[in-house]
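Right, one structure below, let's go through it.
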Amino acid sequence: MKKDTGFDSKIEKLARTTASKTGRRGFIGRLGGFLVGSALLPLLPVDRRSRLGGEVQAATTGNLTRSGFKPQDKDPKACEYWRHCTIDGNLCDCCGGTLTSCPPGSSLSPSSWVASCYNPGDQQTYLIAYRDCCGKQTCGRCNCVNTQGELPVYRPEFNNDIVWCFGADNDAMTYHCTISPIVGKAS
């Protein structure tokens, strides 16, 4: 039999050398670690400032919270009202509702997302449970995009980019506006 010195013999020699120096368990362990790491990759935090508009994007440069947010306790229809520190949507105050109730013709979603907001009036921090009002067309007035304390989608209870209308009465999946009731003191 003639000795082959070509490509096949080099690959065979490499395979035999690798097999003699490494174990199957080590390979399977590394492969398992790679697969688990690949599966966990989507759970890493994501910087989503690039999808925001120009002025909003410029306001968030260098920080994930909105730069210059000064909470006030005078006008509940303003985006800077202290309860709206992490709201992303239309204020129900401007759409026929109140801070704690939906406008007529819309229904309250059973789901909520939470945030802690600072009230400059009494210098306390409160837990706010934002809830969407659903079932009517989007109000379109008093639209606020506040991202203070918002976390990526893998922590949905602290994310304000999700439309929380699933589970609303009568399959009312259309977002209308958002209320911001106080749950209690945060500290």
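A Cβ is built for glycine as well, from the same backbone N, Cα and C atoms used for every other residue.
Feature list (source: Swiss-Prot):
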SIGNAL    1-57  signal peptide
DISULFID  Cys79-Cys144  disulfide bond
DISULFID  Cys85-Cys117  disulfide bond
DISULFID  Cys92-Cys177  disulfide bond
DISULFID  Cys94-Cys142  disulfide bond
DISULFID  Cys102-Cys133  disulfide bond
MOD_RES   Trp113  tryptophylquinone
DISULFID  Cys134-Cys165  disulfide bond
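Compared over the disulfide-bonded residues Cys85, Cys102, the count of CB atoms lying within 10 A of a residue's CB peaks at Cys85. Taking Trp113, Cys142, Cys177 as the recorded positions under consideration, the smallest Cα distance to Cys133 (disulfide bond) is found for Cys177.
On its own chain, Cys79 (disulfide bond) has Ile87, Leu91, Cys142, Cys144, Asn146 as residues at least 6 apart in sequence with a Cβ closer than 8 Å to its own Cβ.
Trp113 (tryptophylquinone) sits 12 Å from Cys165 (disulfide bond), taking the C-alpha atoms as the reference points. Separating the Cα atoms of Cys85 (disulfide bond) and Cys92 (disulfide bond) is a whole-number distance of 15 Å. Checked against Cys92 (disulfide bond), the disulfide-bonded residues Cys102, Cys117, Cys134, Cys165 differ in C-alpha distance, with Cys102 being the nearest. Within 10 Å of the Cα of Cys102 (disulfide bond), the following disulfide-bonded residues from the list Cys94, Cys117, Cys134, Cys165, Cys177 place their own Cα: Cys134, Cys177.
The disulfide-bonded residues near Cys94 (disulfide bond), taking a 10 angstroms Cα-Cα threshold over the set Cys134, Cys165, Cys177, are Cys177. For the disulfide-bonded residues listed here (Cys144, Cys165), the lowest count of other CB atoms within 10 A around the CB belongs to Cys144. Note on proximity: of the disulfide-bonded residues Cys134, Cys165, Cys177, the one nearest Cys117 (disulfide bond) is Cys177, by Cα distance. Spacing of Cys177 (disulfide bond) relative to Cys134 (disulfide bond) is 7 Å (Cα to Cα, whole number). Counting Cβ atoms from all protein chains shown, Cys142 (disulfide bond) has 20 others lying within 10 Å of its own Cβ.
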